[in-house]
Amino acid sequence: MSPPRLSLVLLLLPPCASAVRFLVLRHGQTDHNRDGIIQGSSDVSRLSDRGRTQAREVGAALARLGDVRVARTFLSPLARAQQTHEILLLDRPDLPTPTTLDGLREIDLGSWEGRAKAELRAEQPDVYAAWQCDPLAMVVDGRRPRCRKPIVELWERARSAAWPTLRAVDTAAAEDDEGATLVVCHGSLGQALLCTALGLDATAWRRHRLARCTAERARHPFPNCGMAEIDWPADAPRATRWRWRLPEEGCWQSGTAARALHLSRVGVRIEG
């Protein structure tokens, strides 16, 4: 079977007809991010000085973006996302009253939470290697019953719990409200939201570096205070296009091209 043609991978596309727009924002840097400590869905960490500065910069950027009118806001229940949103309000006091969704919490990592990455790498090298690049093999004894394979569970939560709630609200308002939905969440959960919107399964973990038409992505696939913009028409099974909006603006990329590029690079499965 010949590889998919990629001549149209990066596209400057016209606005999508009746598209529903989502802005997925990761929280600012935390003290645990800074110190190399696993956070997961624990709620101990707080924004660092750098993280508060990043959040303030996002608020200022949102205030400058003339094409961004936020009509709805959804938040993770964890303090680091809540703190980020509070700082956004300093420059965007017009943001709508947020709705907190438990489904937007970060990945559940059970006994790993609160542990230093260096310690886990030394104690559990095989599991830590899977955490980095082999999601289907990564198994951790978690606090939640379905958390034996946390990355797989995260993808399922994004697909079956988070997106249906986010899209149900927007689908009802799509005809008469063109405002965007702002989702303030986390790095791993942000990856899962973006990839499931595009139809990519959990093998896309840490591999969705899809748009390269601006500066190179930060080391994390979804950096602190990075924001992805997704267009997902109300009647479409998948998102039609996406781009990075922060920390710098990227090119629009079609969902079809994103799936083809992933398949050609790493052989990930594409969901039907």
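For all residues, glycine too, the Cβ spot is worked out from N, Cα and C.
Where the annotation comes from TrEMBL, it is an automatic prediction and has not been curated.
The annotation active site, tele-phosphohistidine intermediate is assigned in TrEMBL to H27. Under the heading active site, proton donor/acceptor, TrEMBL lists E106. Positions annotated as substrate binding site by TrEMBL: R26, H27, G28, Q29, T30, D31, H32, N33, R80, K117. What TrEMBL records for 1-19 is signal peptide.
H32 (substrate binding site) sits 14 Å from E106 (active site, proton donor/acceptor), taking the C-alpha atoms as the reference points.
Counting every protein chain shown, the number of other Cβ atoms lying within 10 Å of the Cβ of G28 (substrate binding site) is 26. All protein chains included, H32 (substrate binding site) registers 21 other Cβ atoms within 10 Å of its own Cβ. Rounded to a whole number, the distance between the Cα atoms of R26 (substrate binding site) and E106 (active site, proton donor/acceptor) is 10 Å. R80 (substrate binding site) sits 6 Å from H27 (active site, tele-phosphohistidine intermediate), taking the CA atoms of both as reference points.
Counting only same-chain residues at least 6 apart in sequence, those with a Cβ under 8 Å from the Cβ of H27 (active site, tele-phosphohistidine intermediate) are L47, G51, A55, S76, R80, A81, Q83, T84, V184, C185, H186, N224, C225.
Non-local neighbourhood of R26 (substrate binding site): C185, H186, G187, G190, F222, P223, N224, C225, G226, M227, each in the same chain, at least six residues away, with C-beta under 8 Å from its C-beta. Within the same chain, residues at least 6 positions away in sequence whose Cβ sits under 8 Å from that of T30 (substrate binding site) are Q39, S45, R46, L47, S48, G51, R80.
Ranking the recorded positions R80, E106 by how many other Cβ atoms lie within 10 angstroms of each Cβ puts E106 at the bottom.
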